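Some features that TrEMBL has for this protein:
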ACT_SITE  Lys212  active site, proton donor
BINDING   Ala15, Gly16, Leu17, Gly18, Thr19, Val20, Gly21, Ala22  NADP(+) binding site
BINDING   Lys112  NADPH binding site
BINDING   Glu197  L-homoserine binding site
DOMAIN    356-433  domain 'ACT'
Amino acid sequence: MTSCSSSSPLRLGIAGLGTVGAGVIKLLRANADLLSTRAGRPLEVVAVSARERTRDRGVDVSALRWYDNAADLVNDPDVDVVVELIGGAEGTARTLVEAALKAGKPVVTANKALLALHGSTLARLSADNNAPLLFEAAVAGGIPAIKTVREGLAADRLLRVGGILNGTCNYILTVMRETGKDFATVLKDAQDLGYAEADPSTDVDGLDAAHKLTILAGLAFGQPVAFDSVHVEGIRRIGAVDQSFARALGYRIKLLGLASMTDAGLHARVTPCLVPQQAPLAQVDGVFNAVVAEGEFVGRIMIEGRGAGAGPTASAVTADLVDIARGNTIAVWGVQTSTQPPLRACPISSGEGAFYLRLMVEDRPGVIADITAILRDCGVSLRSMLQHPAENDSTPYVPLVLVTHRTSEAAMQDAVTRIDALTVVTDSTVVIRIEAA
């Protein structure tokens, strides 16, 4: 990769002046002397691009060159490094990053969606044009997850990677557990506090975590992963009653992204999981993220911190700029790019595990016998069962929770399909996987 090491300033062009973009400029100015010492040269913003020139961003950009078209940053001879903080897998962000790499200019980005969907193409452009592409801020904000997996564990064969990768979901699940409030109420509160977007779909439906898991899996296993092969579930169906049952069973509910490499191939999924209350991951609450990796020699490690916000993300972006200034860059996925297509994860039905099932059933004799007969026929063994009585006589349905021993995903899916077809079951079964964590 090209070395940008020199005593002259490393000149930066920043595209996107939202919370993170403005945060990067503030950090660069506040820590200018410290960064110059650590990088071996000054880091200087010379040009910016954003949609609204007059917007108050809490930082003065009047002395910088302004481009209405972000792509013009690539053609500016005074811009050494392009910093893409626009976001989105397509459109302006993708066009800018690809153009910069083709022009041989290093790129720093926090764009997880772009990397998850187009990481293979971008890695080839980076290698073909000797243009570094750095993205520490794309996964878990201020946690050095990328460097840990790609560089810190480079000597080990990684078996598993993942963790709590979305702060919005972790916050919602934490508050639901602590207050007994339902999902919709806590989501609204999170939006009012700024922890959730006006349209929370990307977060609560698991897509944001899946983008990050796709990147981590690519780094862990040395090959970009096909995003559309990752199994994704969100947290919309988790209810206050599930939090109550989880507590009674000795678990906490977390949205986990997990990827593992087995003899059968790659397994990658984002799903709600029951985690033992005393497990390290279960202790990660609120908006915090945690990244877990497991290797043959190092064993299991976990790093935790704030996964989003202007400060943590700006810190990660700036750390990448310091690496470029030092000439400390490596191949995107830790190895030279391959002409092979992205690695595809095995179908979710090929996995196995233990499961928590929550059903809403009619409160009458024979119901449990019907359900356990289906589980028996599908080869699913029960470990335990819990049932709460109806809250009042006018409620004909009650929640029934079943906890299984390890079984195949295929058998579990078959059993759930049959159970949901019973007339005594009023709603589709809530399925939560159980992890040792």
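Keep in mind that glycine also has a Cβ here, set from the backbone N, Cα and C atoms.
Projection of TrEMBL feature records onto the structure.
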{"residue": "Ala15", "record": "NADP(+) binding site", "Cβ contacts under 8 Å, 6 or more apart": "Gly21, Val48, Ser49, Ala50, Ala70, Leu73, Val82, Val83, Glu84, Leu85, Ile86, Thr92, Ala93, Leu96"}
{"residue": "Gly16", "record": "NADP(+) binding site", "Cβ contacts under 8 Å, 6 or more apart": "Ser49, Ala50, Ala70, Glu84, Leu85, Ile86, Gly87, Ala93"}
{"residue": "Leu17", "record": "NADP(+) binding site", "Cβ contacts under 8 Å, 6 or more apart": "Ile25, Val48, Ser49, Ala50, Arg55, Arg57, Val61, Leu85"}
{"residue": "Gly18", "record": "NADP(+) binding site", "Cβ contacts under 8 Å, 6 or more apart": "Ala50, Leu85, Gly87"}
{"residue": "Thr19", "record": "NADP(+) binding site", "Cβ contacts under 8 Å, 6 or more apart": "Gly309, Ala310"}
{"residue": "Ala22", "record": "NADP(+) binding site", "Cβ contacts under 8 Å, 6 or more apart": "Arg57, Gly58, Val59, Ala310"}
{"residue": "Lys112", "record": "NADPH binding site", "Cβ contacts under 8 Å, 6 or more apart": "Phe135, Ala138, Val139, Asp208, His211, Lys212, Ile215"}
{"residue": "Glu197", "record": "L-homoserine binding site", "Cβ contacts under 8 Å, 6 or more apart": "Thr168, Gln191, Asp203"}
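Non-local contacts of Val20 (NADP(+) binding site) by the CB criterion (under 8 A, 6+ apart in sequence, same chain) comprise Leu85, Ala110, Ala137, Ala310, Thr313, Ala314, Val317.
The record gives Ala15, Gly16, Leu17, Gly18, Thr19, Val20, Gly21, Ala22 for NADP(+). Within 8 Å of the mean position of their Cβ atoms, the other Cβ atoms in that chain belong to Ile14, Gly23, Val24, Ala50, Arg57, Leu85, Ile86.
According to DSSP, Ala15 (NADP(+) binding site) sits within a strand segment.
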